[in-house]
Every structure is written in C-alpha cells, then in structure tokens.
C-alpha cells in the first residue's frame, strides 16, 4: 500500500467519507451543474421515444419500406459513434463545457433538418447530423459530471444522464400520444422538430456551468481549478484535499509536474496508449468499459423501445393510440425504476444493482419470448397473453433502468485514469452506439425471419452471458475517488485484493 492510499484511509477512519467529516448531503451547486450537464442526454431519450411513434406515420406518409425504416431508425445510433469517437479528443482540447455546447448545437441542426425534411433523403441527413450530436452528448455528460462530483455521491450524480434519457423517452411517448390525432403530413414533423427546443435551452444553460476542475488541472490552470472546487465542495478543507489528490494524479498521469507543462497537454498519444500499447491495468479497464457498453445495447433495449409498437401490433393491438398508450405505460415504468436505481447506487454499490438488473432482464425477455411465441400460434389472441407480454416488456425496461441503464454511464466515466478518461470513455461509448445501431437496423429483418418470440429468447441468452461477464470482470467502485479507482485494475501485488468488492478479476 503506497503513501497516498494510507493517507486516504486515515481520512476515512475519522468520518463517513474521505474528508474526515460526516456526510450530510450534496453541495447544491454540484447538483445544479450535474443537472445541467445531464440535461444534454434528454436529446437521445426524446429521439428514442418520439421515433418509436413517428416512424409509423413516416412510413405511411413518405411511402417507405421496412428496410428504409430500419435505416432511418438505426442511422442515428450508428452515426453517433462518430461523435463518441471525436468527443474525447475534442473535450481534451477545448474543454468539457464547450463540448456540451457543441453537442447541443449539432443536435439542433439535425432536429431542424428532420422537422422540415420533404423527403426520405433529407430526413436521413437530419438523422445523421443529430446522431453525431448524440454521440458527443453521451460521452461528455457522464464524464463532466463524474469529474465535478465527490466520491461518496458520484454514483447518484453520474447516473443522472440515464435519468434524463428515460425522461426524454417518456416525453417522446407523451408527444406521440398528444400529436397522433393531427394530419399525417404534419404530426411526425412536429414530433421530430420539437427536439430543437431542449437543444436550444441546453446551449444557453451551459453558460452557467464551470469548467471541469480535473480538465483545468491537466491544462496547468490550477488556480481556476481551485476556485471551481471551492464552489462544488462543502468546505475549503474538502476543496483543498480534492485539489491535492487531483494534482498528484495529474502529475503521475502526464509523467511530469502538473504545474510545469500541462498547459500544452491536449490529449495527444492517448489513442496509441489505448489501442497499440496498453498496460495490463489499461487493458483490464478497456475490457470492462467496452464489455458493459456492448452488453447494454446487445440486450436489445433500444430496439425494444423503438419497435415496441410493431411488436404489439403483431401481438394483436392495431389502434395507434392504444399502441402509444402502451408506450406511455412502459415509459412510466422506466422513469420510476431509474430514479430508484440512481438513489440506491451510492448505498448498495454498482455490482449488486447491475447483477440484479441483468438477471431480471434475462428472465423478463424469456417470458416475453414465450408469450410472443404463444400469440404467434394463437388465432384468437387472448387478452391474458397480451397482458403478460405487456408486463414482460415493462419488467424488461424496468430491470434495464435498475442496472445497465444508469450503471453503464457511471462505470464508463469513472474507471479510466485522468489522462485517458475522455478518449477512453469515448471509445467505449462508440462501441455502445455501433452495437445499438446494428441491433436497431437489423431487429425487424431478423425478427421477420425467426419471429419476435425467438428474437426475445436470443436476447435473454445474451443477458445470461452478460451477467457472467459482469460478475467476473467488473469490480466494485462505490465510495472511491476517481484517483483511487485505478488501483482496482492494477496487478494483484500492487493493490489490496480486499478492495475488489469480493471479486477476483480474471487475468487479462
């Protein structure tokens, strides 16, 4: 155990947190900043929710095929990986705060293009532009929030992006339901165009946020970082402690004193370290981050939400308002459980909720698969079977909101060391978006070949594999500072095995 770990443990020995004082709650300014940053994520949520209903009208109004529907839906997710990959280098260069502005501005342009699109081609172009903005927002929101949050409350604050994604989904469902009675050539345009409103609000709201103190330290602007930490901490003593911890970590990360040459640091050479010559700890971090992002989307959650009306239309519900009503019920379930998860993350930890959620998803998808298979072979479409399927879908998205939904963003943003955090998180989230796009663009085609029932059973099997992966490869990070999390992935002879949350990581 090195001197820094001993000092940190001494601080914890005299109080409930790393500053030797009773943890009485959250700094209000920290909550304000985290809420503003996380609001960026509402853009993706709104698109997921509203597109699930708008695509029914787009298909009829523009006379497009099912393949074009899949391309339209999945294109935003696939193209968002460009934003995710670029966001790391961008935020290392211009800062976290201005990257949030860039994300909102890009999505705004895409939303306007979609709202005014007279043809499928221009609508697709709007989806592509909006997708790049979504990619930026998905990386920068949790990274910024993690970097301003205290260790004891980081789980709650960093899960806020998922809370806003789910809120956006629910808002999209409500807009679908409200506008479904309008003329067909108008309703879907309003549904998609309304996304410009939160994008504009986010762009202006960011002006009230400070820059990330960790980014400022990496750039050699220690005095500015201290002023920010004083605002987001409960006392000057806490701010001083956090600054010292960040400065030491930054000096080690860059390989020289943080005060001497960090002003020239722009995230250079990070990709080489991540992809060409990663150390064993970095390799373990990459496996954990990419793995959790892969399984988040391989679970089929986005596809289930996008194509929920198609699934229930196949099950026997044909009235559009009834289909949108089912969506609203599902959205309320998601929103309720993601709030419960966010409030419990710092109390129970990441691993227990993640394992609970993934096991629950596996069971729910299995029930949904069997229910769908029953309805496929039933001519009468009994009401009880439809209700079972509706409950199974609600259970699936609820367990997702307990585990994979919020914890993927939390975990991805907190396990990378400072020098790798933005670009490493961007790489992991680009995998997230790629898998989401592939699943969204093939879900209907594959389901038409093998039926929805078999598709859901396959997704259940994916979640069984995911559960095993989480158990063996993801250590607990609860209550640890960002600078301490690194020790969890170091070689066993360099770190305390007892801090691994009761789990021995596989050799990688």
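Glycine is treated like the rest: Cβ placed from N, Cα and C.
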Range annotated as transmembrane segment in TrEMBL, from 64-86, 225-247: 64-86
Range annotated as transmembrane segment - as stated in TrEMBL, picked from 326-345, 486-505: 326-345
Among the ranges 64-86, 123-144, 156-176, 188-209, 383-412, the one whose Cβ pairs under 8 Å to the transmembrane segment (326-345) are most numerous: 383-412
Range from 29-58, 188-209, 285-306, 452-474 with the greatest count of C-beta pairs under 8 A to the transmembrane segment (98-117): 188-209
Per Cβ pairs under 8 Å, the stretch of 29-58, 123-144, 188-209, 383-412 packing most closely against the transmembrane segment (156-176): 29-58
Criterion met for the transmembrane segment (188-209) and the transmembrane segment (29-58) (at least three Cβ pairs under 8 Å): yes
Intrachain neighbours beyond the transmembrane segment (452-474), with Cβ under 8 angstroms and 6 or more residues off its ends: 284, 287-288, 291-292, 295, 298-300, 311, 314, 350-351, 354-355, 358-359, 361-363, 365-366, 368-376, 404, 411, 443, 446, 503, 505-506
Non-local residues, at least 6 beyond the ends, that sit with Cβ under 8 Å of the transmembrane segment (285-306): 48-49, 51-52, 55, 73, 77, 169, 274, 278, 330, 354, 358, 361, 365, 393, 396-397, 400, 404-405, 407-408, 411-412, 415-416, 420, 424-425, 427-429, 431-433, 435-436, 439-440, 443, 455-456, 459, 462-463, 465-466, 469-470, 473-475, 489, 508
